[in-house]
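**Student:** Attaching a single structure in structure tokens format; questions to follow.
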Amino acid sequence: MFATQSPRHLQVLLCRTKKFALASPPICYKVGAASSGSIRKFLSARFSTSARARNLKQSVLDNSGRHGVYLYPTLKPEPLNVVSAKDTTVVFSNGKTIEDTTCGAAVACLGYNNERVKNAMIKQMDSFCYSNSLFYGHEIGEELAAELIGGTNGEMAKVYLMCSGAEAMESAMKMARQYYMELNPRQPQRTNFIAREGSYHGSTLGALSMGGHVGRRKLFEGMLLDNNIHRVSAANEYRGKADGQTTEEYVQQLADELDRKFQEVGPETVAAFVAETLVGATLGTIPAPTGYFKAMKKVCDKYGALLILDEVMCGMGRCGSLHEWEQEGVVPDIQTVAKGLAGGFAPMAAMFINHRLSDALMSGSGVFSHGHTYQGHPVGCAAALEVQRIIREDNLVENVRKNGEYLGKLLHDQLDDHPNVGNIRGRGFFWSMEFVADKETKEPFLPSDGIAKKVHLTALNDVGISLYPGMGTKDGVAGDHAWIGPAYNCSKQDIERIVSKVKEAVVLALG
């Protein structure tokens, strides 16, 4: 075949053949008036190179354990390899199965392999998979935004769609800044934020700067925005409230601390106070004390600052209301959500803004000066929209609220008397156990004891459930906890089985 083609034809053929053109584009310009023999020689060399590449790939696989070239967060040892998942059962390549009682990282709120969500994603793929958000909008994004804003009962005005919780926090920080630059007159001096100790808002540098977990920040000290982000105490009744102090007194103490921090930083320079409405992974599902956020909002309003609530973990139904701030009696200026938004079927996150900010943008520049390549991804929007419709149509938030109370009761009944369970707290389908060496003094175990990891591995390997470990619960270094977060459609019987297995894991690990 090749011997009968003209040299020019051969040049076009080789350039248009993906195997050759992408591997070595200059070849296209060197073939010239090649003979059929040289063409055969060339093709033989290319195929031989391809074979060598395959052999090299196999060598890498053979000599590196299972993967070797995949940069996992934990490299030694490599994690278990998931091969399939259905409902709440996860199957690994070694044949082991577990019941996922944490929904991954509070993500897979409907479980795995939901047919409705899969079909919604496929339907969107059949239309188009990607749209340049800088220039174009799309109906599926508009439908999702309408669904989400409707879920706030009109309290929020607009929603910005992206891929991760860290992106959402970065967006919130920039939105807060831009809000003050849209006002007339502008307030360019508002470049500071006040956040809390022990918090976590994401792993990108801006979001990590906002977080207050010592252990997670340590490696990157010197790169973080420490001149712009200032800190107050966590709202942690178990460790922060003094003996004999009432909740009301403790809340007032925290409000006074926030007020003093505004004064210290310069009240006219603060853009926002930032907090997780219910603290997630770093401190172990700690609900705010009654009245806390109303008191914090009052301080923010006093100084003209915004309230940013991070509900990446605790929001979208996880705690028994679609938004956790509904249970706190406040409406944030900016809110971030992610994990339960699309249930893990696609990477999706969102930032809500209220009418105050929306009005400022609309009467000002009419532009949000921010952007991500995959923001508002159509397939992700389709997944999130179907997940939220299922949650609404199947009344799953009410199921979380009702069975969440039962989950908390059973955990207290089964584990309150354990000598190393210092505190059990949570809300909805988001509960933690904090482990202590001494229950009376609340003294934590030594970090070197690795208690949270021990409980996690015991649950995984010996009991067959997922318990999510957390370290640094007390001060960012010492302290251990583990949390559970079942799928929203779990029944009362599911909860009973889960708690029984949680108790088994704790007793096996700690005695």
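Note that Cβ sites are derived from N, Cα and C of the backbone, with glycine treated the same way.
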**Student:** Quick check on the annotation: Swiss-Prot has Gly165, Ala166, His372, Thr373 binding pyridoxal 5'-phosphate, so which of Asp100, Asp226, Asp310 does it put in that site too?
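**Tutor:** Matched candidate out of Asp100, Asp226, Asp310, per Swiss-Prot for pyridoxal 5'-phosphate with Gly165, Ala166, His372, Thr373: Asp310.
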**Student:** So for Asp310 (pyridoxal 5'-phosphate binding site), how many other CB atoms are inside 10 Å of its CB?
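**Tutor:** Taking all protein chains shown, Asp310 (pyridoxal 5'-phosphate binding site) has 33 Cβ neighbours within 10 Å.
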**Student:** Rounded to a whole angstrom, what is the C-alpha distance between Gly371 (substrate binding site) and Ala166 (pyridoxal 5'-phosphate binding site)?
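**Tutor:** Checking the Cα atoms of Gly371 (substrate binding site) and Ala166 (pyridoxal 5'-phosphate binding site) gives a distance of 14 Å.
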**Student:** Secondary structure at Asp310 (pyridoxal 5'-phosphate binding site) (DSSP, helix/strand/coil)?
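**Tutor:** For Asp310 (pyridoxal 5'-phosphate binding site) - judged by DSSP and reduced to three states - the answer is strand.
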**Student:** So for Ala166 (pyridoxal 5'-phosphate binding site), how many other CB atoms are inside 10 Å of its CB?
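**Tutor:** For Ala166 (pyridoxal 5'-phosphate binding site), the 10 Å Cβ neighbour count is 23.
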**Student:** DSSP three-state call for Lys339 (N6-(pyridoxal phosphate)lysine): helix, strand or coil?
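**Tutor:** Where Lys339 (N6-(pyridoxal phosphate)lysine) sits, the three-state DSSP reduction gives helix.
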**Student:** Out of the recorded positions listed (Asp310, Lys339, His372, Thr373), which are within 10 Å of Tyr200 (substrate binding site), Cα to Cα?
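**Tutor:** Of Asp310, Lys339, His372, Thr373, within range: Asp310.
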**Student:** Work out how many Å separate His372 (pyridoxal 5'-phosphate binding site) and Lys339 (N6-(pyridoxal phosphate)lysine) at their Cα atoms, rounded off.
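**Tutor:** Spelling it out, the Cα of His372 (pyridoxal 5'-phosphate binding site) and the Cα of Lys339 (N6-(pyridoxal phosphate)lysine) are 18 Å apart.
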**Student:** Given the binding-site residues Gly165, Gly371, which one is most crowded in terms of C-beta atoms within 10 angstroms?
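**Tutor:** Sorting the candidates by Cβ neighbours within 10 Å, the top entry is Gly165.
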